[in-house]
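Feature annotations, reproduced from TrEMBL:
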type	residues	note
DNA_BIND	B:22-61	DNA-binding region
BINDING	B:Gly96, B:Ala97, B:Gly98, B:Asn99, B:Leu100, B:Gly101	NAD(+) binding site
DOMAIN	B:85-186	domain 'CoA-binding'
There are 2 protein chains.
Amino acid sequence: MILEDSVLEKEISQAVIRRMPRYYRYLGELLDEGVERISSGELSERMSVTASQIRQDLNNFGGFGQQGYGYNVSFLYEEIGKILGLDQNHNIIIIGAGNLGQALANYMKFDRLGFHTIALFDVKEELIGKNIRGIEVLHVKELDHFVKTHDVDIAALTMPKSSADDIANHLVSLGIHAIWNFAHVDLSIDAKDVVVENVHLSDSLMQLSYNIVKNK
Amino acid sequence: MILEDSVLEKEISQAVIRRMPRYYRYLGELLDEGVERISSGELSERMSVTASQIRQDLNNFGGFGQQGYGYNVSFLYEEIGKILGLDQNHNIIIIGAGNLGQALANYMKFDRLGFHTIALFDVKEELIGKNIRGIEVLHVKELDHFVKTHDVDIAALTMPKSSADDIANHLVSLGIHAIWNFAHVDLSIDAKDVVVENVHLSDSLMQLSYNIVKNK
């Protein structure tokens, strides 16, 4: 049950990775219920996916299961946590301290997963100095100094789309390698080593609306 | 260039549908720039997807292109809008008037797409009666009456996950068929004709964190 480097190094599809947080969530719930081990069949029923899908997904990372024993819940929970990088802390800054930025800063759940918001930035004078759960809203003009003097892993972009591209590229030039983009625009970032995760809320709404119409 | 019913009736994969809002967005930008027609090659370059992907995607809906002419931008924009149900208005109620609920109610962009928030609901007394862009926060105890006396198409769930399942099933019993779920839980809804679109923010953050670790 030891992860081999060769297994971890192979390219795993983003579709598989997209399913991992869900495994992590269900395993966490099992842990809370005091369940120590679970068969792929039981896990399959609970998660409404096939047992073969579960085995295939987890085989990407070297398996974790033992024939006739099933999965050790806390071991699997921890290993998936490591795969997802949750054994590390990640500091987040939020650019745009409007409702959405404040909503993100308020999610205590993110802290429990190791994602800590350490500052918000905005240009609106009435927001500067505001305090959200002890996290301060700073003026954007302090951004450069802040990033240079703090350990920032992720920048969340929750400001209007018109300035998203400029800010994103500026953040990358300051050495930030991960962008959580809520602005409704595809960012054009030249640097190859920057990862971007988009949350396009209106796309999600359109997907819903397509299914409403299709269902009628 | 006429859509045939037979074409529309076949099952189109959700992966294709997920790409449609992006086409819609790019075509809208082209319209704003006054571009009347575009070849699949030019569109491909602009969107950073292959021309063959574009042709394949649009062929699911009957094509839209003419050999040697390319795509008529405004026609394609409107047709994709219809496919996505954007030629209709959709009324939204938001359950949970915290920061996230207020952020959603504040997005004027949704209105431009035909998604109109008509009320927010909460249980916190200090929020009841609050007004967001003219949209009122009502007490959850008024929910039943409101839904029965208004045309509600979509319920957005932005309250804590502990009550999400109960509220979702209650909304379905009131006749709501579409749920936009921000609560970090898989809803268990028995009714077959209900569509659910999930926005799991912490899953998105974990996906980002996986890619950060992989990139190191």
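A Cβ is built for glycine as well, from the same backbone N, Cα and C atoms used for every other residue.
In sequence order, B:Ala105, B:Leu120, B:Phe121, B:Asp122, B:Lys124, B:Leu127, B:Lys130, B:Ile132, B:Val137, B:Thr158 constitute the residues six or more apart from B:Ala97 (NAD(+) binding site) in its chain with CB-CB distances below 8 Å. Using a cut-off of under 8 A between C-beta atoms, the binding-site residues B:Gly96, B:Ala97, B:Gly98, B:Asn99, B:Leu100 that neighbour chain A are B:Gly98, B:Asn99, B:Leu100. Neighbour list (B:Gly101 (NAD(+) binding site), Cβ cut-off 8 Å, at least 6 residues apart, same chain): B:Ile94, B:Ile95, B:Leu120, B:Asp122, B:Ala156, B:Thr158, B:Met159. Note: the DNA-binding region (B:22-61) comprises 28 helix, 2 strand, 10 coil (DSSP; helix = H, G, I, strand = E, B). Ranking the binding-site residues B:Gly96, B:Gly98 by how many other Cβ atoms lie within 10 angstroms of each Cβ puts B:Gly98 at the bottom. Highest Cβ count within 10 Å among the binding-site residues B:Asn99, B:Leu100: B:Leu100.
Computed over the DNA-binding region (B:22-61), the whole-number mean pLDDT of the model equals 90.
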